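According to Swiss-Prot, the repeat 'WD 1' annotation covers 72-109. The feature repeat 'WD 2' is assigned by Swiss-Prot to 113-151. What Swiss-Prot lists as repeat 'WD 3' is 156-192. Sequence annotations record features per position, and here Swiss-Prot assigns repeat 'WD 4' to 196-234. Residues or ranges marked as repeat 'WD 5' by Swiss-Prot: 238-278. Here Swiss-Prot flags 282-321 as repeat 'WD 6'. Per Swiss-Prot, the feature repeat 'WD 7' maps to 350-388. Taken from Swiss-Prot, the feature region 'Disordered' covers 385-409, 480-509. The feature compositional bias 'Basic and acidic residues' is assigned by Swiss-Prot to 390-406.
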Amino acid sequence: MERAENARIIQKPMTRRTVDYGSGLSKYIVNRHLRSNRYHIHVPRPNPNQIINLYPPYEYKYNNTSSLCTKYIHTSANKARHVINVVRWTPDGRRLLTGSSTGEFTLWNGLTFNFELINQSHDYAVRCAEWSTDGRWLISGDGGGMVKYFEPNLNNVKIVQAHEMEVRDVAFSPNDSKFVTASDDGSLKVWNFHMSTEELKLTGHGWDVKTVDWHPSKGLLASGSKDNLVKFWDPRTGTCIATLHGHKNTIMQASFQKNFGSNYLATVSRDSTCRVFDLRAMKDVRVLRGHEKDVNCVTWHPLYPNLLTTGGSDGSVNHYSLDEPPLLSQQKYHEKHPNVTLSASSYLLYPTAEIPFAHDLGIWSMQYHPLGHLLCTGSNDKTTRFWSRSRPDDKESTMDRHHLGEEQSEAMLSQRKAAIEEDDNYEPDENPLTETLANAHNPQFSGVLNLPGLGTMPSFPSPYQHGQPQIPGMLHASLSNSYAEPSTQNSFIPGLTSKSQDGYPQNYR
């Protein structure tokens with residue numbers, strides 16, 4: 001049957017996953033007043049039915065492993081697919097903003113992950129974006145050296161030619177009065193946000209500056225460059241305070257610890273490592289390994305000061321817990337990867353959890369939801385993916401293709417399908433119990449019942465003799481009757497030992 005030209009195609013309905021944090025948050029607000037003391041720890045039971053009792057990550061602040069976002073939720077992609085360079089959650093956590101290589105900003109719903117808005121904001125590729133601390137402004141940099149101001153509705157209000165080459169990173173000051181930009185021209189610039197004027201130009205790197213971050217509460221800048229150096233700057237005078245020489249290749253991103261004192265700086269590099277520097281000692285205290293190729297991005301958990309996540313150029317995602325003893329993490333990693341040679345060290349740390357096949361290509365950007373229950377990643381494979389923490393006793397969360405790989409997951413899926421088909425096509429034989437019960441009424445039957453597995457058991461005396469069962473009170477009952485006739489002999493019952501002709505017991509007369 002031919003379809004009319006203007007007929008509407010009815011698409012097949014599909015289920016859409018959603019991660020609604022409202023129920024857990026409301027339950028936490030109600031029950032937090034019932035805690036015995038402020039040190040009370042809520043522990044979810046390992047049962048899928050306990051998902052209704054799953055509280056926000058803040059309730060499990062003493063156990064950061066309960067909030068490792070390793071469960072795949074959804075993949076979002078535009079109709080015209082392009083490389084995703086930037087992912088940023090809005091300050092209220094209701095939407096996600098992504099910036100692509102074509103200069104487009106896309107807004108995605110934070111609950112159902114569906115498309116909401118697309119805006120052609122830049123003429124060049126979007127390289128960086130950052131929300132102000134109060135959430136009222138968004139600034140972004142592109143491949144043409146432009147910095148643009150946006151309102152929350154993505155209305156462009158100002159354009160600044162900040163650099164002659166690509167703007168690689170931007171960061172706001174703690175009070176939103178200034179911001180800093182890093183560029184491929186080898187310099188950093190400090191700007192007055194309200195006046196849009198340049199205040200300082202920081203030079204000292206010998207090559208492209210790939211990243212910059214402003215300390216959440218101090219007048220301190222950290223930058224990373226293609227010259228393998230990490231530098232700290234004073235934004236008031238423009239002088240270089242210190243230089244760190246830990247990495248052996250290009251620094252891809254530097255990020256200060258959010259909140260909780262912000263005493264640490266995490267940096268990732270193309271030397272396949274992530275280093276955590278202590279600002280008080282000005283040296284690295286942890287070296288995070290586990291990536292086989294370049295590490296492109298890093299993000300701190302918004303609620304746990306000791307949990308951070310990295311994304312690699314091979315599409316892998318690694319979660320690290322800084323509280324875990326290094327030797328213990330090395331032992332666990334060696335059990336998973338016995339072919340990898342490890343060097344025991346007091347500061348080498350390996351992943352607490354891994355997603356080896358999170359994306360098909362390199363990951364350029366990642367960020368946690370403000371509540372900490374979701375992780376978003378943007379990749380060179382032109383997709384944006386959402387990850388959440390595992391549910392109680394969720395054994396299937398690590399059995400998908402993102403953890404096992406395409407080939408192994410397909411093999412496991414084919415095995416499951418074969419097992420289901422075998423169960424559907426199963427035709428049971430004649431029930432042996434029916435034949436056994438039929439033989440039980442056979443007078444010639446002797447021995448035990450013919451049950452499966454008991455055929456070789458020795459025979460026992462049969463309860464049947466000459467077709468009559470030897471049961472007290474039923475000596476004259478036959479198997480053909482449904483009910484046994486009462487015996488004509490006197491039954492010995494206390495108080496009824498003898499009976500008169502009129503039917504009354506003699507001892508009651």
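Start at 1 and count along the chain as shown; that gives each residue its number.
Using N, Cα and C of the backbone, Cβ positions are placed for all residues, glycine too.
Sequence-distant contacts of the repeat 'WD 7' (350-388), counting only residues of its own chain at least 6 positions beyond either end whose CB sits under 8 Å from a CB of the stretch, comprise 19, 21, 25, 56-58, 65, 67-77, 81-89, 91-93, 96, 98, 108, 110, 113, 288-290, 294, 296-297, 299-304, 309, 311-321, 324, 329-330, 332-333, 336, 342, 401-406. Across the range of the repeat 'WD 3' (156-192), the DSSP-based residue counts are 0 helix, 24 strand, 13 coil. Confidence over the repeat 'WD 4' (196-234), given as mean pLDDT on the 0 to 100 scale, stands at 94.
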